[in-house]
């Protein structure tokens, strides 16, 4: 089994076993986070990066879109994912990036200047 298939299988298991609509922390922009499936994107990204695979942002965007539908790839969702990913690859802690994205990113294009 190649690494790509293994990753896809692992992500599917993680996403299917995750309680859909998991509670989000108080103060988060929960409607957009739920709609964009940012929680699931986060889990996928962490799994992908732990396996040191390439192109994790693109891989996880594709996986989430396939599982939850094309609405998860709308413009506002792309902004959430981009801000979270930028923070994480800058070496910030995962918890810091999650809290920051969840509490301050609204999905507006202006968010990209500050995330």
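Glycine too: its Cβ is placed from the backbone N, Cα and C atoms.
If you check Swiss-Prot, you get these features:
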type	residues	note
BINDING	40, 68	Zn(2+) binding site
DISULFID	36-77	disulfide bond
DISULFID	44-60	disulfide bond
DISULFID	48-56	disulfide bond
DISULFID	83-115	disulfide bond
DISULFID	87-97	disulfide bond
SIGNAL	1-21	signal peptide
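Separating the Cα atoms of residue 48 (disulfide bond) and residue 60 (disulfide bond) is a whole-number distance of 8 Å. In this structure the C-alpha atoms belonging to residue 77 (disulfide bond) and residue 68 (Zn(2+) binding site) are separated by 13 Å. It is 8 Å from the Cα atom of residue 56 (disulfide bond) to that of residue 44 (disulfide bond). Only 97, of the recorded positions 40, 68, 97, have a C-alpha within 10 angstroms of the C-alpha of residue 83 (disulfide bond). Distance between Cα atoms for residue 87 (disulfide bond) and residue 115 (disulfide bond): 7 Å, as a whole number. A 10 Å cutoff on Cβ-Cβ distances gives residue 68 (Zn(2+) binding site) a total of 17 other Cβ atoms nearby, all chains included. Here the CA atom of residue 36 (disulfide bond) lies 9 Å from the CA atom of residue 68 (Zn(2+) binding site). Put simply, residue 36 (disulfide bond) is 13 Å from residue 44 (disulfide bond) when counted between their Cα atoms.
Within the same chain, residues at least six positions away from residue 97 (disulfide bond) with a Cβ under 8 Å of its Cβ are 84, 87, 88. In this structure, the C-alpha atom of residue 40 (Zn(2+) binding site) lies 9 angstrom from that of residue 60 (disulfide bond).
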